[in-house]
């Protein structure tokens with residue numbers, strides 16, 4: 001830390017400066033988090049009919065519900081497949097865009113565009129593009145009837161969600177990974193070339209190890225992002241169907257809370273999802289983070 | 001450096017071309033579909049060639065739906081989110097970095113924790129708080145026993161109520177309760193030389209003069225980067241505006257667009273109208289990205305550090 005002489009010494013002014021944001025954060029972040037924990041231990045009546053302490057009853061009720069486990073399992077599958085694709089694809093694109101070729105300035109511009117298109121907007125577009133009757137795969141159904149049926153086949157619906165999610169996730173991951181690649185000193189490439197490493201070899205032995213911090217970071221953020229931002233896609237493309245095949249936890253919590261008026265059940269699942277997300281971030285930093293050398 | 005890199009350059013070009021088609025393809029198809037009539041889409045399905053009904057579909061969107069009003073809501077929410085986030089997090093980071101305060105690290109940790117749990121996860125109880133933003137005060141009164149004291153003297157406990165659902169403020173403030181901006185400014189302030197401060201003090205600048213004459217001019221690009229980033233985030237929000245506004249008049253454009261999709265009545269949805277909506281609703285943020293790309297990329301990279 002720097003010496004205290006390089007700071008103002010006011011008593012009340014810093015409090016005044018911090019207060020507005022802190023009030024908002026206490027009110028709209030900490031109060032809801034605390035309330036979710038509170039409600040998970042109470043049976044809450046939907047229309048303000050009072051509440052009753054029930055201990056861990058809500059948790060045992062949720063944990064005994066097979067639908068909860070199915071939604072959790074789907075969330076995990078989506079998280080792993082969608083996140084992997086949403087990091088690997090931008091990685092390949094970033095390595096390609098890092099080369100001095102004619103397309104790379106165009107790509108660097110266009111690949112950021114999805115940042116301006118809401119998940120729900122692109123969900124509406126993909127719902128049309130993958131529509132089995134008028135969409136891009138409709139001709140396929142003329143030759144092989146029923147081959148593409150996202151309205152009936154859960155796997156097809158799942159694929160649609162992943163394609164849309166990866167589309168939305170490209171800008172952030174691409175920009176971060178490209179920035180990482182550009183920060184690699186040019187002299188390292190020259191040294192590797194002198195040692196006889198060709199451009200393909202340099203990707204594996206030089207670029208990938210050196211952008212490990214960025215890869216790690218994008219993966220951490222992408223895990224949480226895939227769990228939460230998928231809501232807009234589900235609500236516009238599949239509505240959780242067919243037959244609940246795309247009802248992920250974040251969608252189930254919304255449906256239980258706002259359509260089923262099961263506030264205690266929804267809060268209990270919220271608590272478990274929050275604990276999972278925090279543990280996930282913690283584990284990744286503890287285990288993965290140690291193996292990465294942050295020094296350049 | 002001269003070497004034979006033809007094979008990798010060809011591969012890189014092909015990869016970039018595929019990436020560009022993946023991004024632009026859906027947007028292009030939305031545009032071509034928006035330029036056909038409902039009947040044509042019903043008969044021919046998806047077409048790659050533009051038709052001549054774009055103006056008509058946009059006119060229908062303007063007259064038959066609430067998208068225009070909802071676009072105004074989106075603009076208010078996006079601008080409000082961007083402006084409030086920039087101002088509040090700038091002031092907070094300023095206090096944390098440039099003042100001698102013991103609780104700085106505690107406050108920063110409290111703010112940083114918000115990055116871990118996005119609004120979408122805690123939407124159920126955030127909705128409850130927004131339905132009565134004084135409910136934490138009530139809970140505090142209950143917990144401290146003040147309320148039982150009050151009810152003994154006045155006959156009834158205090159139950160304050162103030163809802164911000166269905167208001168623009170209500171759509172904006174839960175988005176502002178987020179730590180990214182403070183984090184971004186703090187990182188930036190820490191890179192500034194401390195001598196700057198000493199020089200300003202020597203010239204007799206107080207805290208306000210320091211922020212106005214020195215810090216703000218230096219942070220212009222950081223502010224612009226955060227502004228673009230939070231504007232886009234405000235415009236593209238979905239779950240919060242979906243539950244935070246219950247009437248079509250208060251909903252944002254993205255929510256209104258999703259509501260154009262009929263609920264499984266067996267009929268083929270009016271895809272040209274919806275694609276016209278998707279294009280129109282995305283126009284302002286896409287223009288912003290095209291024009292202010294520099295700041296957006298800077299903002300994305302800054303939030304990483």
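Note: Cβ is positioned from N, Cα and C throughout, glycine not excepted.
TrEMBL does not curate its annotations; it predicts them automatically.
Same-chain neighbours of the transmembrane segment (B:6-31): 46, 48, 50, 54, 275, 278-279, 282, counting only residues six or more beyond its ends whose CB sits under 8 Å from a CB of the stretch. Taken from TrEMBL, the feature transmembrane segment applies to B:6-31 (among others).
Feature annotation from TrEMBL assigns domain 'ABC transmembrane type-1' to B:71-292.
Look at TrEMBL and you will find B:75-97 (among others) tagged as transmembrane segment.
As annotated by TrEMBL, transmembrane segment applies to B:103-121 (among others).
Residues or ranges marked as transmembrane segment by TrEMBL: B:167-189 (among others). Here the transmembrane segment (B:167-189) has long-range neighbours at 73, 76-77, 80-81, 84-86, 88-90, 92-94, 96-98, 108, 111-115, 119, 126, 130, 215, 219, 222, 225-226, 229-230, 233-234, 237, 240-241, 244-245, 250, 252, 299, 302-303, 305, meaning same-chain residues at least 6 beyond its ends whose C-beta is under 8 angstroms from one of its own.
Annotation comment: TrEMBL describes B:210-232 (among others) as transmembrane segment. If one looks beyond the transmembrane segment (B:210-232) by at least 6 residues along the same chain, the residues whose Cβ comes under 8 Å of a Cβ in the stretch are 78-79, 81-83, 85-86, 89-90, 94, 98, 175, 180-181, 184-185, 188-189, 192, 196-197, 200, 285, 288-289, 292, 295-296, 298-300, 302-303.
Marked as transmembrane segment by TrEMBL: B:271-292 (among others). Nonlocal intrachain contacts for the transmembrane segment (B:271-292), taken as residues 6+ away from its ends with a CB within less than 8 angstroms of a stretch CB, comprise 27, 29-31, 33-38, 41, 53-54, 57-58, 60-61, 64-65, 67, 71, 74-75, 224, 228, 231-232, 235-236, 253-254, 256-257, 260-261.
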Statement: Beyond a gap of at least 6 residues from its ends, the CB atoms lying under 8 Å from the transmembrane segment (B:103-121) belong to 92, 95-96, 174-175, 177-180, 182-183, 186, 239-240
